[in-house]
């Protein structure tokens, strides 16, 4: 049981990292970060981006559930 | 002020953005208190209490500040956005050094987004390194010095690997949350997340001081309010260099003829120099913890651990101060390029009254900027010295709530976000928060 959830957690973690990296970075780096003026975001995301968002959210939910489940099982 | 807030919430567009931002912040905080599976939460809590009582947990100062106390709890978001900041700093420095990156930066939008993408990859790499380091520290019991209880439930390799991967994924999620705020919320996501973490430790720190001594509490509050006022004052200070645009006739239309100004802020670099300097000074600590287990101590390591690890030695203070001043000049020179500004002005027929366009303008801008940055750099250095000096004089905790860096972050991010909300408000009505 523990090992199964652990493996699920590892897999979902890796998928999460991959999906986040697939997103186009909107951060703009450090120059934007502290008082670097306004970052103008050009609205409207493509279908690909929207599907990616959906997939990321689902993976995130699975990841989160895995963490809580494993945390509950491993509780001393 | 209150009417402005209600008005902000009555604007449907803005309300959606504000609620979205708040939701993300809530998620972020939730992840910061959720322990990573495999951590013995009860023991960690006990060790943390011991560490706080003995002031031993403060060696992680800056990292702890940026993670809002999540780091020593070994939560899912333990690393916070520190890896992202470190990656950004590294890439900023590399842009100056590596010609290929410099060419990318000059390319404009496309190049910048490519650099951002590199920053993201580097963030994950750093996250793997840092999470491995911290889990290893926790496993060997060195995370809390003087606390004998085991922090991990069982320290076989499989559990440890799971923890490392979970924390790495946590960092990726934080990065994504930050980008979501930037994209669909209000303000810049990463700085809002830092802001949240700095604010999050605030009440408990204040309560700590209050419990210890009510009189100190009053003094801290008064000093803090004065410092906030001073920081706001300097952050808003700017020198306006007048620019006159020549009138041009294109066909039958008249262009230009306006007079504007270039705002040069006193503290053009913002908070970045402080973060750079703190991150650099964090390196000696890291080195000494790595070599601490060696039986035979080398002279250099000994010198470092004597002078550069704790904040109350003169050598540390001087280094910190000099580094901040250096990085202020460095960062201003990266972000503001006088020849480029002068060129642009010349292209559109603008000039500074009394100065010829082209090279003399660039020289003039450079002259003003270097002199303007001097008080700015001194101010940054002095403000960030406050907690260290307080530590040396009054024996206050290093996480002194009104510490220089926290105040700079709070005020800087706060002002920026309010300004952005205001500019959104002004699209609908004229009155905003700031009058």
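Cβ from N, Cα, C; glycine included.
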Per TrEMBL, the range holding transmembrane segment, considering B:293-314, B:315-336, B:337-358: B:315-336
Transmembrane segment according to TrEMBL, located in which of B:74-98, B:399-423: B:74-98
Winner by Cβ pairs under 8 Å against the transmembrane segment (B:157-178), considering only B:74-98, B:185-202, B:214-234, B:315-336: B:74-98
Long-range Cβ neighbours of the transmembrane segment (B:315-336) (under 8 Å; 6 or more residues past either end): 92, 95-96, 264, 268-269, 272-274, 276-278, 280-281, 307-309, 369-370, 373, 376-378, 380-381, 384-385, 388-389
Within-chain partners of the transmembrane segment (B:255-283) [C-beta distance under 8 Å, separation at least 6 from its ends]: 61-63, 85-86, 89, 234-235, 237-249, 308, 316, 319-320, 323-325, 327-328, 330-332, 335-336, 341, 348-349, 365, 368-369, 372-373, 375-377, 379-380, 384, 404-405, 408-409, 412
